[in-house]
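Student: Annotated compositional bias 'Pro residues' per TrEMBL: 9-23, in sequence order. Marked as region 'Disordered' by TrEMBL: 1-27. According to TrEMBL, the transmembrane segment annotation covers 59-78, 114-133, 145-166, 178-195, 202-219, 239-260, 381-403, 409-428, 440-459, 479-498.
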Amino acid sequence: MGEEHHHAPPPVQAPPAGPPPPNLALSRGPVWNPAEQLLQLHYCIHSNPSWPEALLLGFQHYIVMLGTTVLIATTLVPAMGGNHGDKARVIQSLLFMSGVNTLLQTLFGSRLPTVMGGSFAFLLPVLSIINDYTDRTFPSEHERFVYTIRTIQGSLIVSSFVNIFLGFSKTWGNLARLFSPISIVPVVCVVGLGLFSRGFPLLANCVQIGLPMLILLVITQQYLKRLHHAAHHVLERFALLLCIAVIWAFAAILTVAGAYNTAKTQTQVSCRTDRSYLMSSAPWIKVPYPFQWGTPIFRASHVFGMMGAALVSSAESTGAFFAAARLSGATPPPAHVLSRSIGFQGIGMLIEGIFGSVVGTTVSVENVGLLGLTHIGSRRVVQISCGFMIFFSIFGKFGAFFASIPLPIFAAIYCVLFGIVAAVGISFIQFANTNSIRNIYVLGITLFLAISVQQYFVNNTAPDGHGPVKTDGGWFNDILNTIFSSSPTVAIIVGTLIDNTLEGKSKAVDRGLPWWVPFQNRKGDVRNDEFYRLPLRINEYMPTRFL
């Protein structure tokens with residue numbers, strides 16, 4: 001047999017080297033750099049529109065804050081034993097104090113374009129006071145109302161010193177120095193998200209007018225404005241007023257046509273335009289004055305619950321201040337400005353107790369959202385709105401006309417404005433490392449607990465104000481039930497604690513502190529003085545420890 005020869009196969013040549021395959025994990029889209037100030041604003045904090053436009057915008061701020069004022073009075077006054085005339089006077093007092101406190105904040109406090117309105121944080125301690133007097137015998141229900149409001153006055157006066165001390169001792173500012181972009185994100189988010197019960201649940205009390213208002217506002221303000229340049233300018237800024245007028249007229253037509261004649265009582269109260277009884281009961285002219293209800297009554301058992309509400313209002317205002325600063329084109333408020341603002345909020349609460357308001361004030365979240373909706377963050381516009389608040393609080397019939405707007409219309413507005421504030425909170429995350437698992441953990445647990453804890457306390461709070469904390473000390477119960485019924489307060493407690501104790505120093509860069517810290521110091525950024533200095537060159541004549 002012949003030999004078989006096996007030849008090795010020819011070597012396979014490697015293909016010529018080419019460019020490596022594209023990494024599909026890399027973004028091919030635009031990369032947006034962090035922006036310290038929003039660039040889409042038409043007017044920032046210290047730029048002003050024309051006077052006619054500013055007047056109309058100021059009136060719009062007044063209309064937006066009116067819903068919460070009416071809702072507070074509608075909730076509390078009947079439980080206190082008051083009649084429709086008492087409710088009208090309470091609304092007048094709330095409006096008057098909102099105007100005064102807004103002027104205090106915009107002139108000497110935070111200097112941000114924030115409207116100060118009635119706070120729901122005071123609801124639980126006020127309900128606790130109401131409950132204590134329910135079983136007592138009074139000559140009349142009106143006497144019970146007056147006695148209750150005098151007790152509320154005394155509690156407000158004493159608890160105001162909590163905020164005055166926290167502010168002017170700089171304690172609150174020192175606490176604010178522990179914040180970072182990671183901890184401030186959930187605080188600002190839940191300032192909006194924590195108010196969800198005043199959105200669609202309130203709208204659903206009258207879907208016939210609430211849902212059309214929500215749909216019309218979104219379509220008019222966001223879509224129709226793109227049809228023409230002139231329409232863009234008008235609808236972006238004043239679509240809210242236009243939609244209120246249209247839906248309010250629609251509600252009046254349904255009322256006159258008898259659409260709700262056979263409806264349930266609650267539906268008629270929410271839908272009809274003639275069930276507030278404010279026009280018939282409000283006085284033509286009534287100037288709120290100190291101790292208009294009588295001498296304040298001081299009871300220690302009620303003061304402590306109101307002190308808890310004062311702390312909660314400070315936490316809510318702090319989150320709203322950061323949102324307002326971003327939506328008005330200002331830098332984050334420095335620590336000394338936060339201290340100053342909380343101090344003046346305490347002074348405002350003291351004045352409220354003297355003038356007989358039923359609750360203290362905090363930053364109106366819906367008006368902060370209005371800054372983003374209209375793209376106008378002018379301080380002057382908000383100061384003009386103070387004139388409308390004070391004017392309509394004195395001339396009661398005129399104020400009662402606008403206060404008769406059905407609450408589901410306001411609820412539809414809140415669905416948009418609260419959402420804007422919540423989204424602004426998310427925007428602070430751009431200054432920290434969003435790919436850090438540590439940051440994701442802090443954000444997630446803080447945001448979830450802030451909403452979940454508040455929901456537990458709200459669900460387990462009885463109509464008389466008694467919450468899930470039930471010990472032998474009623475004052476202790478009131479403090480804890482009030483504090484943990486507030487999402488922003490829970491977010492500040494949880495977020496600040498975890499963010500500073502979980503690798504706080506070693507992860508300073510990931511937390512965004514190199515960007516954040518300069519804004520918290522008085523001289524850390526040259527823009528701080530531009531946005532937050534006091535008017536009339538007061539800074540030059542006052543010692544810095546008082547600023």
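Just so it is clear, glycine is given a Cβ too, placed from its N, Cα and C backbone atoms.
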Student: Contact between the transmembrane segment (114-133) and the transmembrane segment (479-498) is defined here as three or more C-beta pairs under 8 Å separated by at least 6 residues; is that satisfied?
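Tutor: They do touch: at least three Cβ pairs between the two stretches lie under 8 Å.
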Student: Counting only residues 6+ away from its ends, which parts of the chain sit with a Cβ under 8 Å from the transmembrane segment (409-428)?
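Tutor: For the transmembrane segment (409-428), the list is 64, 66-68, 70-71, 181, 184-193, 195-196, 198-203, 205, 209-211, 213-214, 217-218, 240, 244, 247-248, 251, 319-320, 322-323, 326-327, 365-370, 372-373.
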Student: Should anything in the same chain at least six residues away from the transmembrane segment (145-166) have a Cβ under 8 Å from its Cβ atoms, list it; otherwise answer none.
Tutor: 77, 80-82, 86, 90, 125-126, 129-130, 133, 138, 172, 291, 293-299, 302-303, 305-307, 309-311, 313-314, 339, 342-343, 345-350, 352-354, 356-360
Student: Looking only at the recorded stretches 59-78, 178-195, 202-219, 239-260, 381-403, which one has the largest tally of CB-CB distances under 8 Å to the transmembrane segment (440-459)?
Tutor: 178-195
Student: May I ask which of the stretches 59-78, 202-219, 239-260 has the most CB pairs under 8 A with the transmembrane segment (381-403)?
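Tutor: It is 59-78, which has the most Cβ pairs under 8 Å.
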